[in-house]
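Visitor: Got a structure here, written out as structure tokens. Questions coming.
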Amino acid sequence: CTRSGLKQITCPSGLAFDIEKQTCDWKAKVTTCDKKESKCPRPPSAGTALSELPMGKGLCKELGQQRTSSCCSFSYPEPRKVLPILKTDEPICPEGKLSCGNGECIDKELFCNGKPDCKDESDENACTVELDPNRAPDCDTTQCVLPDCFCSADGTRIPGNIEPQQVPQMITITFNGAVNVDNIDLYEDIFNGQRQNPNGCQIRGTYFVSHKYTNYSAVQDLHRKGHEISVFSLTHKDDPNYWSSGTYDDWLAEMAGGRLIVERFANITDGSIIGVRAPYLRVGGNKQFEMMADQFFVYDASITASLGRVPIWPYTLYFRMPHKCNGNAHNCPSRSHPVWEMVMNELDRRDDPTFDESLPGCHMVDSCSNIQSGEQFGRLLRHNFNRHYNTNRAPLGLHFHASWLKSKKEYREELIKFIEEMLLRNDVFFVTMLQVIQWMQNPTELNALRDFQEWKEKCDVKGQPYCSLPNACPLTTRELPGETLRLFTCMECPNNYPWILDPTGDGFSKK
């Protein structure tokens with residue numbers, strides 16, 4: 001939406017608009033081209049008789065489905081939720097207890113734990129970052145000290161209180177999704193081994209890998225060359241609510257299971273897969289972050305920060321997040337977690353920032369739907385670089401789906417032109433998410449960065465891939481009946497196609 005009403009969306013050539021997912025995707029993958037509107041009927045006004053509701057072709061068939069399936073994203077009018085009584089002039093419960101909406105007193109730690117304990121269930125109805133009675137405390141810089149903790153009141157403070165002119169402008173290029181023959185050429189084009197940061201090391205990217213259709217011999221080679229491999233889930237299920245309201249076990253199976261598959265079939269044995277990004281950026285609340293801490297994931301890269309005058313630095317979640325919970329489904333973690341948040345600062349997508357009316361920002365480059373030409377893309381890159389570079393030099397995140405960059409040759413050319421232009425400067429570095437954390441844990445001024453040891457690892461990798469002819473294993477699994485999928489790996493073929501109940505592919509017994 002813009003101020004002047006609904007904006008028509010045009011996808012780059014080769015892509016089509018998926019009305020259900022509300023995004024541009026490869027034409028072959030879009031099955032909704034014949035539809036002019038989403039399959040969700042308009043929410044009925046209060047008091048509408050059930051018989052009046054549209055139940056025709058393509059609409060939700062059962063009313064009972066409407067709040068749970070991805071069929072409809074709106075909710076039918078519901079009774080108002082009862083809220084607990086948290087703020088009173090005089091305490092109405094003994095110390096350590098809080099009042100439910102009906103006046104019943106229960107232990108404070110039972111609030112917002114994912115299961116109702118009050119008879120009226122009100123203990124689970126006020127659980128946002130601002131309201132959860134067990135929420136993380138506000139940032140306290142006397143308690144939160146590097147290297148393990150970093151926070152600031154509004155999120156814009158530079159680690160180590162270094163002067164902005166002495167801070168390297170870090171740029172993180174990240175890709176989401178499967179790595180395979182559709183995009184390997186693009187990655188080799190961008191990271192061709194000839195482009196070096198000012199410290200003499202090759203530029204690097206971060207890949208959030210989903211499992212299906214991934215070529216693990218290609219992932220193995222990206223890792224060999226020093227790129228960072230992270231997890232984008234195992235199944236990448238299409239239902240956004242599955243992610244927003246996923247249980248601890250869902251997140252465990254998806255992210256720890258996804259990591260296990262990558263480690264095994266891309267032969268990554270150095271414990272370097274430490275980051276996750278939620279599909280559709282549907283953050284999974286406290287459950288996701290509890291799982292991450294238990295499984296020794298170091299960072300999440302799914303939370304977006306609204307476009308502001310000054311961008312936000314990554315932060316740890318020991319203390320309360322320094323910005324509003326923005327983005328899809330607003331399910332941010334409210335509790336304290338020993339996890340870094342590599343926050344996604346929205347990009348300013350205005351064509352002429354000095355003149356255009358304000359537009360909402362976009363978190364992925366490909367969600368900037370007004371970018372239709374290479375020239376516009378180039379302006380977007382340079383304007384957002386300047387926004388970061390001329391303020392607090394918070395890392396600039398350029399987050400892509402490879403299909404968007406491949407949809408027009410000029411996009412790829414413009415990105416490479418931008419990278420080469422930036423590398424002519426002596427204060428811009430293209431780094432991985434982990435390298436950003438390493439710098440933040442040990443803030444080092446520009447003039448000492450040439451010898452910054454953490455950035456010297458795998459500095460300039462030469463040589464051949466581990467295997468030039470990977471095994472192309474044709475596999476099936478009972479979890480995906482009727483599908484035969486090829487698993488490309490330099491390792492031995494497993495018995496079955498790895499999937500959520502059987503991530504190793506060794507087979508599982510029916511329960």
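Cβ coordinates are placed from backbone N, Cα and C, and glycine is handled just like the others.
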Visitor: Cys105 has a disulfide partner in TrEMBL; which of Cys93, Cys112, Cys118 is it?
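Guide: So the cysteine paired with Cys105 in TrEMBL is Cys93.
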Visitor: Going by TrEMBL, which one of Cys100, Cys118, Cys127 is joined to Cys112 by a disulfide bond?
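Guide: Disulfide partner per TrEMBL record: Cys127.
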Visitor: Which residue in the list Cys72, Cys118 does TrEMBL annotate as forming a disulfide bond with Cys100?
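Guide: TrEMBL says the disulfide from Cys100 goes to Cys118.
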Visitor: Looking at the disulfide-bonded residues Cys112, Cys118, Cys127, which has the shortest Cα distance to Cys105 (disulfide bond)?
Guide: Cys118
Visitor: For Cys127 (disulfide bond), just count the other CB atoms lying within 10 A of its CB, please.
Guide: 22
Visitor: Measuring Cα to Cα, tell me the gap between Cys118 (disulfide bond) and Cys127 (disulfide bond) in whole angstrom.
Guide: 14
Visitor: Mean pLDDT for the domain 'Chitin-binding type-2' (1-35), as a whole number?
Guide: 70
